[in-house]
Amino acid sequence: MSVKTLDTAYQVTPSRWSRRNLTVPIGLIAAVAVLWLWVSSLNLDSIEARVLNAEAVRRAVVDHILLAVSATLLVVAIAVPLGIMLTRRWAKPLVPVVMALANIGQAVPALGLLVLLALWFGIGFKIALIALVVTAVLPVLRNTVVGIQQVDQSLVEAARGMGMRASRILRLVELPLAVPVMLAGLRTTIVIAVGVATVATFVNAGGLGDIIVAGIKLQRTPVLITGGVLTAVIALGLDWLGGLAERLLRPKGV
Amino acid sequence: MSEHGVRIQLDRVTKQYPRQPEPAVDNVSLDIPAGELVVFVGPSGCGKTTTMKMINRLIEPTSGEITIGGENVLALEPNELRTRIGYVIQQIGLFPHMTVRDNIAVVPRLLGWDKARITRRVDELLELVGLDPSAFRDRLPKQLSGGQQQRVGVARALAADPPVMLMDEPFGATDPITRDKLQNEFLRLQKELRKTIIFVTHDFDEAVKLGDRIAVLAEQSHVAQYDTPGRILAAPANDYVEGFVGSAAAIKQLGLMHVGMLTGLAELSATSGLPTVRSRENARDALDIMLRAGTSHVVVLDEQGDPRGVIGFEDIAGLLREEVSRVGQDA
Ligand SMILES: Nc1ncnc2c1ncn2[C@@H]1O[C@H](COP(=O)(O)OP(=O)(O)O)[C@@H](O)[C@H]1O
Ligand SMILES: [Mg+2]
């Protein structure tokens, strides 16, 4: 068999870029455009006009993204090292304990947590951030642990047998092979963070929760819909970026 | 150019896993001469892998002493020790996200080789295991067939030219045809390299084919017999070894004898119509050729393909008789 035929037989290079990748952002931009056209076409009363003025909406969107992204970065900074630690042999007994805690964090209603934190520590951006991190930490943590654990143990054994130290095995073998699973966890965390960031309004930390809550309280459907749609657009947009990262960072050959 | 093997000694080595009623390896002593390929053969679970992994300290012995080239392995830093021992496992363990080149370069990088030296070494090793460097160097493991992956696995183990290689059922997962090919290439390679190799298998025929010596292991790695394949076939030490040798010991022995060993080849006359065999092939092949052709004789060809003589059934039977009596005297 010639090298050429072998090449075609085994060539498996998934394309990292395709036109399909752009469907989501184009759709999201279109959704925002339709929303804008619709709201502009309405005869807004004074209350609606006050809530939906361009500057207020822009602020809410920026705050919301800032909150969700900060929470996600904090989750990564905490959960990735913690997850790595939990896969070390000496930490085996800790795994169920930490996982139980993270599960509780996800199960506890974010709003209740937020109220408790507000009672103890007051209100503001930081408090909202803490509540978000607690609620959204599990997917990254779990997927870091699972991602490393699912690495074929014969690879780790081969690495050890060649004289690689644990730290080098982690860096060159375990982490690269865990990246796809870890990034899948990251995407879930992002979506949770964007969703839960809507309750930040209750501790005065801004975000699209301001608009949604105003819509409910004032019984103004256009306001409610604007807040809801924008939240969904941010969630889907950040998830799309996460998906992009997944494709770009996935190691070749896996 | 390449470093030849060194002697390995196991002295009363025992491994007791925690919470197990009995040791997995019990008081094993073996002397493995420099440059030899020694096969550990025994049933699954008898402790072959455990015994082997104590040599590169992937498993720490409970008691006993292991020396490589006279050095006590327990006195060495484990990772440094392992960079000097080639290690091949059945699952091959190529890193799927690294190219062939990067896989082979693992140990050289650990040792801090410069880029040019690594490049040269990678290409040299690929040539050595029969893969065209320009075609294979930049491939990922999944772009290789099973046999090619196993070759890269061997190249990777040889990367820093270790004097010692440990191979745990390396060809166990390949199909019979690929396995046969890998075994032949591996023998050719070892002839050149003369490393000290410990090769684990549960396949006695593989042990006979590859081993300079065979250690037939029983439960807890107890050494039932440690000898050359020829002597184990001719004179099994006990029932256990005999059971392992299985039936057709004489036929297996023929596999160890070259046709070229036959002296006094009969005169070449009336050879037309007779099948042929090359002198470097073994007596088992010659017998097989005769049986298939339905003749009682076969023409032996030398390396150039010129006829050297004719042999028949009686010659082969005589060869076997001689061998048995020779081994009997030695034993
Ligand atoms: N890590 C371990 N802990 C406890 N027992 C083990 C461990 N590894 C192997 N064993 C046991 O030790 C014995 C020998 O195993 P092994 O060396 O893998 O045998 P082989 O390679 O000959 O199949 C088996 O009974 C096996 O169950
Ligand atoms: Mg084994």
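Placed from the backbone N, Cα and C atoms, the Cβ positions cover glycine too.
TrEMBL entries are annotated by machine, without manual review.
According to TrEMBL, the features are:
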TRANSMEM  A:21-39  transmembrane segment
DOMAIN    A:61-242  domain 'ABC transmembrane type-1'
TRANSMEM  A:65-86  transmembrane segment
TRANSMEM  A:98-121  transmembrane segment
TRANSMEM  A:127-148  transmembrane segment
TRANSMEM  A:192-216  transmembrane segment
TRANSMEM  A:223-242  transmembrane segment
Criterion met for the transmembrane segment (A:127-148) and the transmembrane segment (A:65-86) (at least three Cβ pairs under 8 Å): yes
Cβ-Cβ under 8 Å with the transmembrane segment (A:98-121): same-chain residues at least 6 beyond its ends: 82, 86, 127-128, 130-132, 134-138, 141-142, 145, 192, 196, 199-200, 202-203
Cβ-Cβ under 8 Å with the transmembrane segment (A:223-242): same-chain residues at least 6 beyond its ends: 24-25, 28, 31-32, 35, 39, 48, 51-52, 57, 60-61, 64-65, 68-69, 183, 186-187, 190-191, 194-195, 198, 208-212, 214-216
